[in-house]
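Sending over a structure as structure tokens; questions will come in a sec.
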Amino acid sequence: MAYFQNIGKIAYEGKGSDNPLAFKHYNPKEVVLGKTMEEHLRFAVAYWHTFTGAGSDPFGVGTAVRGWDSANEMDQAKARVEANFEFLNKIGIPYFCFHDRDIAPEGATLAETNKNLDVIVDLMEENMKASGAKLLWNTANMFTNPRFVHGAGTTSNADVFAYAGAQLKKSLEVGKRLGAENYVFWGGREGYETLLNTDMALELDNLARLLHMAVAYSKEIGFGAQFLIEPKPKEPTKHQYDFDAATTIAFLQKYDLKEYFKLNLEANHATLAGHTFEHEIRVAAINGMLGSLDANQGDLLLGWDTDEFPTDLYSTTLTMYEVLKAGGIGKGGVNFDAKVRRGSFEDVDLFLAHIAGMDTYAWGLKAAAKLIEEKIIDNIVDNRYRSFKDGIGAEIVAGRATLQSLEQYAMQNNAIKNESGRLERIKLVLNEVIYSV
Ligand code: XUL
Ligand code: CO
């Protein structure tokens with residue numbers, strides 16, 4: 001059955017087009033810096049927002065009425081699978097991502113839940129084979145069910161830890177079956193509210209134990225996906241353990257997990273941590289930890305995760321600049337962890353929102369490529385740090401300087417001269433580049 005009957009395949013029509021159901025910038029086969037846009041961007045649809053979510057918020061139920069809605073949970077789960085593959089084909093997105101609990105309802109027992117999951121995974125496997133659509137990543141939702149009230153890997157209840165391990169095991173098996181290219185760990189409830197009832201050291205040790213078990217089991221079953229941790233600073237818990245890229249890298253290093261993981265960075269999570277998305281990407285990249293991106297945007301006036309579709313060109317330009325400079329996104333991709341606003345409840349809004357996100361990323365990619373080709377930022381940065389190229393700067397970088405040699409130099413250098421950073425001029429140049437592509 002077709003759920004989007006009035007919508008055909010979305011095509012690239014270019015800048016001159018006034019067709020809202022067409023791309024103006026995303027031209028999948030267009031080559032940018034030696035690779036097609038499709039290869040650079042590796043877009044993915046987030047199943048939970050596009051097929052499971054319906055626009056509910058803390059003050060009201062969902063507003064979207066979907067063709068795949070059904071009173072029977074398993075019928076609805078099957079219909080969502082069909083809608084997913086129809087959508088991927090029409091919008092021209094090669095990948096999708098899901099949590100185990102997005103795709104199939106929980107049963108009364110873990111065994112029943114796994115059985116429901118198997119039915120849907122069978123259906124997905126068939127559809128993947130027929131359509132060629134691929135799984136960028138899957139993950140286990142160990143935060144929605146009330147059993148995870150005190151956490152999963154960081155719970156105070158060993159029975160819940162055991163349940164989480166069992167759920168994770170099944171989720172890794174599903175990933176292997178569907179050929180997931182990555183596997184994500186987002187610790188929704190892995191954090192705490194107050195130290196008054198929390199053993200932080202035990203919780204962190206246990207989280208690392210669970211991750212080591214996941215590494216070991218994946219090896220055992222031959223699941224070759226890249227493991228990714230997705231940092232987020234707050235929401236739902238006050239102190240999320242994977243606060244940001246730097247905190248997460250320190251955790252992985254401490255527990256000898258760094259070689260097995262990279263990071264899945266999300267724009268809105270960066271905002272909540274008080275960082276820009278490009279900051280998070282740079283931190284990951286310089287540590288060899290850039291894995292994948294959850295593309296969305298927050299609202300700087302709001303302090304929570306609004307998961308809006310990315311439409312901010314400055315952000316996508318600087319994001320793609322970081323990705324290109326890091327040598328590309330590798331096995332990762334650009335997953336739209338984004339939801340249509342509650343007021344955008346029509347089916348066509350799902351298409352319009354993804355088109356907006358894809359065009360904004362493609363536009364950002366083109367602008368970033370120009371920044372690189374014309375060495376605009378490289379020249380600024382090279383010039384700014386040129387004092388480290390020779391003389392005392394070169395001695396410092398080579399590791400030959402000592403406090404004594406620095407003192408000797410500083411004592412006879414009485415006229416230190418700094419230069420302007422030229423920030424206002426640089427921002428205008430950035431505007432010009434973005435609007436020129
Ligand atoms: C929550 C979030 C998750 C992860 C996967 O803020 O981003 O959807 O991407 O669990
Ligand atoms: Co996310």
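Backbone N, Cα and C atoms are what each Cβ position is placed from, and that goes for glycine too.
What TrEMBL records for this protein is below:
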type     : residues                       : note
ACT_SITE : HIS99                          : active site
ACT_SITE : ASP102                         : active site
BINDING  : GLU230, GLU266, ASP294, ASP337 : Mg(2+) 1 binding site
BINDING  : GLU266, HIS269, ASP305, ASP307 : Mg(2+) 2 binding site
If you take the centroid of the Cβ atoms of GLU230, GLU266, ASP294, ASP337, the listed Mg(2+) 1 site, which other residues of that chain have their Cβ within 8 Å of it?
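Not counting the recorded site residues, we get TRP186, LYS232, ASN264, LEU265, ALA267, ASN268, HIS269, LEU293, ALA295, ASN296, ASN335.
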For the Mg(2+) 2 site given as GLU266, HIS269, ASP305, ASP307, which other residues of the same chain have their Cβ within 8 Å of the site's Cβ centre?
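Other same-chain residues near the Mg(2+) 2 site: LYS232, ALA267, ASN268, THR271, LEU272, ASP294, ASN296, GLY298, ASP337.
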Can you list which of these recorded positions (ASP102, HIS269, ASP305) have a Cβ closer than 6 Å to ligand 2?
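From ASP102, HIS269, ASP305, counting a Cβ under 6 Å from ligand 2 as near, there are none.
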Within 10 Å of GLU230 (Mg(2+) 1 binding site) by C-alpha distance: pick out those among the recorded positions HIS99, ASP102, HIS269, and say none if nothing qualifies.
HIS269
CB neighbours of GLU230 (Mg(2+) 1 binding site) within 10 A?
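A 10 Å sphere around the Cβ of GLU230 (Mg(2+) 1 binding site) contains 22 other Cβ atoms.
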Here the binding-site residues are ASP307, ASP337; which one has the lowest number of other Cβ atoms no more than 10 Å from its Cβ?
ASP307
So which recorded positions out of ASP102, GLU266, ASP307 are up against ligand 1, CB under 6 A?
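What lies within reach of ligand 1, judged by Cβ under 6 Å, is GLU266.
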Give me the CA-CA distance between ASP307 (Mg(2+) 2 binding site) and GLU266 (Mg(2+) 1 binding site), in Å, as a whole number.
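Between the Cα atoms of ASP307 (Mg(2+) 2 binding site) and GLU266 (Mg(2+) 1 binding site), the distance comes to 9 Å.
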Could you check the recorded positions HIS99, HIS269 and say which one's CB has the most other CB atoms within 10 Å?
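Output for this query is HIS269.
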Of ASP102, GLU266, ASP294, the recorded positions given in the record, which has the fewest other CB atoms within 10 A of its CB?
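Selected from the recorded positions ASP102, GLU266, ASP294 on minimum Cβ neighbours within 10 Å: ASP102.
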